[in-house]
């Protein structure tokens, strides 16, 4: 027999109202915690992949789309640009590295990306098995791709047009798997990497007339629209990731590119901040809603304790007449609020993990992103503090009545 | 041994009570009879230190109980006084056993499960120890509250209309148990009631 046992017995005695209070707290905490987790993990994912990329160049269009397609591989590319123009950038004194990318094909939903080994180095990819691609039609698979597709070194496969599985397949030209990368949590986990020349080879083989202009290729639409036939020998890429030698590049280069070339320059940090500020409105609204739910939970704890206290007035007087001090009874009632708060917190945190897991499954399929940090965030410690404060306050207000209880009258009345 | 001298109490200037002097030695039982409104419960609450008298003095085992702080009064109640109410009341969420042990806990004493079980055996509700109090009949509930009042071996047992809601059979049972048990632990027993049935069980009584 101790205070914890008595207050726990009281919580069990009022199952329904305890359940309601716990549920409301759990919902509020669950939503806030899920938002924190999503925010933190999306943020981490986005920032990690952005690291070391100062600028992206590609066909003119939406800069955000260019960033999303070239860095995160989640949107359609904006179009193609001549490789020659990209290569010219390499000679610019501000530019340290240029990593060209060629997009537009997929294998079972995984994007085939034509690039150079510098791309793998940039994302710190390590070869787990086999080797990195070296020549045309050799591919190195991201770790998640190998897991999901079951492809092994030496296997061959045909890619399909477009970025989803339904595209026409390039049946006659087969890629060969020469290596598999370790999973490192970056975007390359979800990619099939090959040499730039592979993409050119595939498309020249697939659509013979006329070389250079490719029909039915979403990645080449803008080119068709412009109606400028390119020379047969002019190679194209989708975009390029640029790293500057000094921050000065940030000032001079984007304007120069936008004005003087057929390309546009997009700055990842600016675009991602823009994206987050767009998402931010929704997140703020949800967070406010969750806070309101938590406050309602507090009110629910308050009302249910207040009501049960009215019924238990005699019990309180009885315990006082048996020699309990008022402070001890006050603590007893506080404990009930604390228990509810802790239960609501645990349930809410579990709820948010289940939510994250469900979200993660959906995200991995649709966006090729995996969220897998299920640990407790530092913010969630504050959330525990908040829950405890709400539980304590909601319990303390009605429980103060214990100090005003007239033992003799209460015992005599009943 | 409990004695009171010149106790008075007033709820308001119009409603004043003056009580006769009481004296009840160890192992003795004192019956106080009175109609409703005669101040029975007030007297009991004065003796139980739940109310403070306007004047007069109570001595328990030779110690004056005047001018105690709320904390001291609580300690005296917990350790030296067992109270039985007209309608047995319990902490409804706790089992019968836990309700009995609560007396030990609130008096900061060791929780004696064996003693509780023994008392339950003697008072005839051993099979109900793990039920909730409200599952018991009124007679059984009253016996449980007797057991609870005995847990700390008090020097004084106060009973407020302990038999009012009981039929004749249970009434005799409860009174005899009360007398036996308080006698066996050497406590003074004071019963206040309007129940005339109890006259025969007690040799002497005081009328308010």
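Heads up, the Cβ atoms here are built off N, Cα and C, so glycines get one too.
Annotation comment: TrEMBL describes A:18-199 as domain 'MacB-like periplasmic core'.
TrEMBL lists A:289-407 with the feature domain 'ABC3 transporter permease C-terminal'.
If you look up TrEMBL, you'll see A:210-233 marked as region 'Disordered'.
Per TrEMBL, the feature transmembrane segment maps to A:20-38 (among others).
If you look up TrEMBL, you'll see A:289-309 (among others) marked as transmembrane segment. Residues of the same chain lying 6 or more positions beyond the ends of the transmembrane segment (A:289-309) and with a Cβ under 8 Å from any Cβ of it are 10, 14, 17-18, 20-21, 24-25, 27-29, 31-32, 35, 316, 333, 336-337, 340-341, 344, 386-387, 390-391, 393-395, 397-399, 401.
Away from its own ends, the transmembrane segment (A:329-351) comes close to residues 3-4, 6-8, 10-11, 18, 21-30, 32-34, 297, 301, 305, 309, 316, 319-320, 376, 380, 383-384, 387-388, 390-396, 398-400, 402-403 of its chain (Cβ-Cβ under 8 Å, at least six residues beyond either end). Under the heading transmembrane segment, TrEMBL lists A:329-351 (among others).
Non-local neighbours of the transmembrane segment (A:381-403) in the same chain are 25, 29, 32-33, 36, 294-295, 297-302, 305-306, 309, 316, 326, 329-330, 333-334, 336-342, 344-345, 348; each lies 6+ residues outside the stretch with a CB under 8 Å from one of its CB atoms. Look at TrEMBL and you will find A:381-403 (among others) tagged as transmembrane segment.
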For a three-state summary based on DSSP, what are the helix, strand and coil counts in the domain 'ABC3 transporter permease C-terminal' (A:289-407)? 101 helix, 0 strand, 18 coil
